[in-house]
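Chemist: Sharing the feature lines straight out of TrEMBL:
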- 30-162: domain 'Anaphase-promoting complex subunit 5 N-terminal' (DOMAIN)
- 194-208: compositional bias 'Basic and acidic residues' (COMPBIAS)
- 194-214: region 'Disordered' (REGION)
- 261-360: domain 'Anaphase-promoting complex subunit 5' (DOMAIN)
- 599-657: domain 'Anaphase-promoting complex subunit 5' (DOMAIN)
């Protein structure tokens, strides 16, 4: 729930403060790069281009105008991707000015269409292009002669540096001091400074090119774009190192720029940098308070508001990194300040974080969550109310609430989501529904909800070409799909899903751990099914690094498979104690089943019965049909080994239907193999039914063999072929018996391991 709540407080940064116009000291209207953009607009107006190319160029105009200055190579490459013909024309236009004389640049400005007269072109005065050209012309006309000459020399350097060959691997720095090209600077104030070699002074010691300080609009556009991309499509944002470098360069010219510190905080969270993220977050609120932007309209209230939300954000930061004590202290501070200011909205946010913190600690926070929902509804905060209900549903699922009550609660929240267009919460609700159905063992319903989310069009407005498919909800749903396909033996589809997850959620992103753990678990189960324990064992360490409980459980499975039963038993007992303390019911049941299997290996079938009965009661109490069916399989096998096959067959009939409908291929094969062995054992006590039972058991074994072949489970196939050979011989089918015996012999030689469990007697 922590990742869900964070969006409540990590507000878009441009709403909290406004960048002052002159803090960066450089104007963005008259620069060589803006002349290149102006040349592009001129060629778009003057030349004839196709409609698709014009549409692509129109989409490109605003980012080129408002974005940071690009090098000539980057600019031409961007335009060429949209319209190669126009890119070539722009290159010729710049060549005429840069290789010509000053009058060529002056002629270019004199031939530009006037925004007030060009009604039939993109240069209309109220259009984006028209406003841009108007600003350019006004700025250019206000320049003195020395400033025009300096602009011309900057344009020459900008153009020729693109074609100059770097010496000794050095990239020429394209830094121009255009601080004198100001709309308010009419007089020639630069006079004697024209001859300074400012263009050759790099701002960085490394080999990376620097664009120097940004203007107000460039800084606002850059920060807003990167913040939006980090929230909605992290893949399209700058890489953490590149973004850090840009922010360092920006803060070098204006250390008090609060929004840059906030983006630095978000960027540090991507790479789990605890120190830098906390440092940047504190600097953000310090600068916000010092700038006075937050308190202009509210006086002292703005100062207090920043303090309490600073403490609240700090609490959420510590929650994310698992520092529960520090988070609790910061949260108590935020509550205290909010109470002093009588800020009920902030108090409600604090309450939602309070029950989230209690959940992270493993405590029961049901009462706190219910109070939070009531208060959020009272103060008309639908987002917090819905999050509280979803949290209650999550707690109810782990506490054994019935499915229909949970689904009714989610249905009510969905009405709230659609009413207020809360698309993010709609996605979370669908992902949560998928997980609940999966937990209850209803794979068909889980698959349906997953497909519903993946095919849903988001209500979120799409900016910067962002697709709303990289949220945590999508990652969870795709992981469920991968596991569902793996259970059916469709490993080709699994690899495609995992590959998509790797592309959509690269390893450095915050949700990458979900698919990493999912991929490792699928690989582990596949190796275990195929009997390749030497390949499964190295995966245990990686799984433990991502989830300690899952890692311990997998380690016990490997130890049990290689007959190190004592070590496996100690790990399972330790794991069960931890899971009972944290109320992880699913893991407790899985540990009990593994413990019963250890009793089987020592022929302690009678001692396994109480453990299995306890596991079955726990599974039914929490409505975990999947685990209940698996427990019934274990009970049926235990009864078979204790010599009561009739009772085992009756118990098995209770579980066979949900297993065939919802369980994995491996469980289906195990169920069919056990059913065949029970049929054989029952018929052994009724000689007059041996032939009929053998024929029925053969059909069941053939179905089991198909399941095991799908998973390449050779150990189970060996058991199947052994029984098939015996049954064919009892029916006098010598050829079929010899064929099954040959297959058994081949697998036995390949595996070179004894059959662990004794097979039941068959007909002689």
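Note that the numbers count up from 1, one per residue, in the order the chain is shown.
Cβ from N, Cα, C; glycine included.
Curation does not apply to TrEMBL; its annotations are automatic.
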Chemist: What are the helix, strand and coil residue counts for the domain 'Anaphase-promoting complex subunit 5' (261-360) according to DSSP?
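Modeler: Going through the domain 'Anaphase-promoting complex subunit 5' (261-360) residue by residue, I get 84 helix, 0 strand, 16 coil.
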Chemist: For the domain 'Anaphase-promoting complex subunit 5 N-terminal' (30-162), give the DSSP counts of helix residues, strand residues and coil residues.
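Modeler: Helix, strand, coil within the domain 'Anaphase-promoting complex subunit 5 N-terminal' (30-162): 98 helix, 0 strand, 35 coil.
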Chemist: Can you give me the average pLDDT across the domain 'Anaphase-promoting complex subunit 5' (261-360), rounded to a whole number?
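Modeler: Its mean pLDDT is 81.
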Chemist: In the domain 'Anaphase-promoting complex subunit 5' (599-657), how many residues does DSSP assign to helix, to strand and to coil?
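Modeler: Looking at the domain 'Anaphase-promoting complex subunit 5' (599-657) with DSSP, the answer is 50 helix, 0 strand, 9 coil.
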